[in-house]
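J.: This is the structure, below, for whatever I ask next.
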Amino acid sequence: MARTHTLNKYRNIGIMAHIDAGKTTTTERILYYTGKSHKIGEVHDGAATMDWMEQEQERGITITSAATTCFWNDHRINIIDTPGHVDFTIEVERSLKVLDGAVCVFDGVAGVEPQSETVWRQADKYKVPRICFVNKLDRTGADFYRCVEMIKDRLGCKPLPIQIPIGIEADLSGVVDLVKMKAQVWKNEALGAEWEYKEIPDDLKEISQKYRTELVEMAVEQDEKLMEAYLNGEEIKEEDLVKCIRKGTLNFSFVPITTGSAFKNKGVQPLLDAVINYLPSPIDIGSINGTKPGSEDVVEMKFDDGTGFSALAFKVANDPFVGSLTFIRIYSGTIRTGTAVYNTSKDKEERVGRMLLMHANSREDIKEANTGDIVALAGLKYTITGHTLCDEANPVLLEPMEFPEPVIEIAVEPKTKADQEKMGEALGRLAKEDPSFRVTSDEESGQTIIKGMGELHLDIIVDRMKREFNVEANVGAPQVAYRETLQNASEFEYTHKKQSGGAGQFAKVKLLVEPQEPGSGRSVESKIKGGAIPKEFIPGVEKGIETISDGGILAGFPMIDYKVTILDGLHHDVDSSVLAFELAGRACFKEACTRGTLKLLEPVMRVEVVTPEDYMGDVIGDLNSRRGQISTQENRGNATVITAMVPLANMFGYINSLRSMSQGRAQYSMFFDHYSKVPQNVQDEVTKKIAG
């Protein structure tokens, strides 16, 4: 498909927020008003266009990032609707990696919620400029101004309201546009498609002027000449104000705040205008850096159709009609169907069979895609999430994505022999789609173990096995994904010697193992001098260490956060080999760690409970009984919000306890925060249970 819009008229955006803040509804309204959707789909009746998986329509939450393209005011907007449930944070992470800008949706009643903070931090990590939409102002208890304060206090940014609401709750009728200084009022009978500009109501003139003054003063800081003109009493033109707001948004000086109610069809068109006016085009980003394969040399890929092709695969999905689809963001050059592209990450050539422009679950075949496009490729054999595609003549390796370690695991067993044959294929395909989902086999029991980010995550995997692959499975109880770590530094020397006629095996290794800071991972360093261990045998030692690390020593859980230094060793000209040094490395590392004392680590979750005040005492008492540590307590409207750090092992089945103690009136959310050493009595229990 030949280019229809110049690159400066592209907007690649994500819509993200906490669960139930109204992201999918907001996206539905955007598709409706931009002409892509002839009927508005509602999340609560299971008809939302973007929520196209069966599980999503049943549960009313967005699980996978659906991509769609729409058009507004002669601009092309590629939207990715991302999930707000903490178990699917990986979807947000990989979407942000390929987006230029983001819209953060907030619930006007709840304000900034835990997952709002999580996605905000993710957007900070990838330096994604953003605007906010304070949604659901039609609901009882909504408070725009309190929400703006929460954005400032909790997210550590400078909010810049460019609108304020006219009316609130049932009386919400429109917004005051602080850039135009006009009231924008919607006509209810036209499903929000029609509105008119009016004079600002008398009762809002004073507060509108206050926020307008703050807006202008913050905006003109982006332009010295305009700042001078403003200080001299000159009126700032609307187009100059828009330019200043855009500049400040792109350089992270502030975050524009819009508002309304997507469900009540108010405020969506001005949000679209803000996307066009204030979020970046690929031209504003300019380029992306990669490296030359096999070296550290930096390669700059300019966002330009005329340069070599480069793209990042950010999602793999199974489509019931097309098969495996690989979603890519094109950073430079052009790609056409029928041509070959080079997968730098795998050093393989891929052929592009079909290329599709996606609209949630419908698709349009295209022959060509260009810089800035987000498209899906069918028929790729080797490419998975995070891989780079490019021209073989101009190879580049773009920075891959980082994926979190799973915190929960369950055993799954096929119900019949027929299911057994299909289960391996099903789990393999699901793991290819979702890098935060892992599949392993327990060597002793032969069981298949699936690992993920939470109970809901694994729930949906099992559900998809059944629906999409017709695999029936028995599912075990959820287990915590513990880790092992080192308490103290330790040094040990080990000699591996085996003689059984003919060539024997000989390897001597001396290792120093040291604990490292949490989150630092694993590292192995060689300080061998004088050829005590020849270079070709060092990988054997490293492999031995890795094998023991992966399988664990204390209780069979992977080891993390340590450093190993290979200090010395000895080899034999005939009897030494890579295998001999691998076996020596394994035994030496295991003994050194045992002498250094091993400790079990457990995932600790950040839990936020929103409860009526009447039940606060019971909720806090219950969290304390779960080894929880209360971090904060605050009032939010007529509810109390309790934040606590609680070990995941003590959170299974929490929803039922919370419903029971609050008569169904309290709710909670949780996400992984960090790994922490377990108390000795818990460690003894876990190791005893595993020992059987």
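Glycine too: its Cβ is placed from the backbone N, Cα and C atoms.
Marked as GTP binding site by Swiss-Prot: 17-24, 81-85, 135-138. Taken from Swiss-Prot, the feature domain 'tr-type G' applies to 8-283.
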J.: Give, as a single whole number between 0 and 100, the mean pLDDT over the domain 'tr-type G' (8-283).
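T.: Averaging the confidence scores along the domain 'tr-type G' (8-283) gives 83.
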J.: Which entry in the list of binding-site residues, Ala17, Leu137, has its Cβ near the fewest other Cβ atoms, using 10 Å as the limit?
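T.: Checked Ala17, Leu137; of these binding-site residues, fewest Cβ neighbours within 10 Å: Leu137.
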J.: Which of these binding-site residues has the least crowded Cβ, counting other Cβ atoms within 10 Å: Asp20, Lys23?
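T.: Taking Asp20, Lys23 as the binding-site residues, the minimal 10 Å Cβ count falls on Asp20.
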J.: Please report the three-state DSSP label of Asp20 (GTP binding site).
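T.: In the DSSP reduction, Asp20 (GTP binding site) maps to coil.
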